[in-house]
Every structure is written in structure tokens, then in C-alpha cells.
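J.: Got a structure here, written out as C-alpha cells. Questions coming.
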Amino acid sequence: MNPLLEKKFGDEFTRVENALTALRSGKGILVSDSPDRENEADLIFSAEFLTETQMAMLIRECSGIVCLCLTTEKVQALALPMMVSENTSGFQTAFTVSIEAKTGVKTGVSAADRVRTVKTAIAADAKPEELARPGHVFPLRARTGGVLERPGHTEATVDLMRLAGLSPYGVLCELTNPDGTMANLDEAIAFAEKHDFPVLTVEDVINYRLEKEREKSASPALFSVFEN
């Protein structure tokens, strides 16, 4: 584990709990994956609480490819086909076709327009015909098992929204440095301290979920009270 991460943001459970608190408050978080994987940090916001200011930060401080993480059920409800029939990408990132809200947008690329597209897509009564394809927002389909099935940013995003008690949809973009290179964990920590964002890792989310599911198995009656 990165010693700077633990020094600045506490142990793995503290990091997850702080991230959940931030998400419930409508704030952003930074999630890093393994150095053996992409070794990147993604800036993540709840789609439910997403603002134009937050979208502008994603566009300005990150790669610009703003993605909307969706459950499989939502992807099916919106009738979104996958971007390709055969996914040959190294990490099997599940892009669907890109989307745009059909109403309330101009070019579709501004922060306001992208927020409009996100809000249109995640609405409980959203219909496929309300979205144009292609567009400037890139949906990602999360695996049903979350990070326990695939240790990716997409699954971590949806899992964290669920753990926070929010709608299970989030917006993410890969954090970049001013020179255009991808931000590693140490660089993400510096960015987070500047902007007051919690930082955690995908591994933190995996371990948090495993522990919570162990607790649930040990005390099913106790957890049934919270679930009702």
C-alpha cells in the first residue's frame, strides 16, 4: 500500500467511509486502481448530484472523455448497444455507443449539455428515444458483481454509489497532469489535497465489500433490520 495514501487519508475502511460521506454530500472522490493495472486515478461524481461546475472540472482537469457508469439493467432499459460486438481492449472496458440528450442541448459538448445528457439518461422513467446516438457522453456498463467480478473503475463507481445509498450511477474521467500525462496515485493525492477530495483505491472497495458481506453472513437477522 502507498504509505502517503495511508498517512494522508487513513486506513482502507476509513478511506471508503470518507468517500461515501463525500458522495452523499454531493462531493467528488478520487479512485486509483492497481499499479499493475491502469495505474490511474479517476475523478468520480454521483450522477444524481452532478452539477455543471463538477462537469467543467472533469473536462478541464481530466482526459475529457467523460463516462457515465451504468448498471446492466439501465443499459438494457435504454436499449444501448455495446460500442463493438467483440471487445478486444486490454481491460475489457464495456463502452456502449455514446449518447446525447435529444432536447435541451445545443452542440452537446458543453458542461451544461453533458450534464443534461447524464440527467436524461439516469432518470427513473428515461426512455431510449430520449437519447440520440452518437453523442458526447460515453456510457460504461458495470459488471453485475461489481468489483468482486471486475476490479475496474466502472464497477467501483457503481458499487460506491450503492454503498452510499444513492442511485447506482456515477460519472468519471481519468485525472491528467497539466502536461497531458496520466496522474499516478501520488499526483492524485496532491490534486485531492488541493481540492479537498477523499482518495481511495479499487482494492479498498473490494476489501470493504468483502468485509461487509462477511458481517452480513454472520448476522443475517441484524442486517435484515437495516434492509427493511
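Glycine residues also receive a Cβ, built from the backbone N, Cα and C atoms like all the rest.
From a predicted model like this one, the values you see are computed outputs, not experimental measurements.
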J.: R37, E38, D42, R150, P151, G152, H153, T154 bind D-ribulose 5-phosphate according to Swiss-Prot; which of E17, E61, E130, E174 goes with them?
T.: E174
J.: Which residues in the same chain, at least 6 apart in sequence, have a Cβ under 8 Å from the Cβ of H153 (D-ribulose 5-phosphate binding site)?
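T.: Non-local contacts for H153 (D-ribulose 5-phosphate binding site): V31, D33, E38, E40, D42, I44, C69, L172, V202.
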J.: Count the Cβ atoms, other than its own, that fall within 10 Å of the Cβ of E174 (D-ribulose 5-phosphate binding site), considering every protein chain shown.
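T.: Excluding its own Cβ, E174 (D-ribulose 5-phosphate binding site) sees 19 Cβ atoms within 10 Å.
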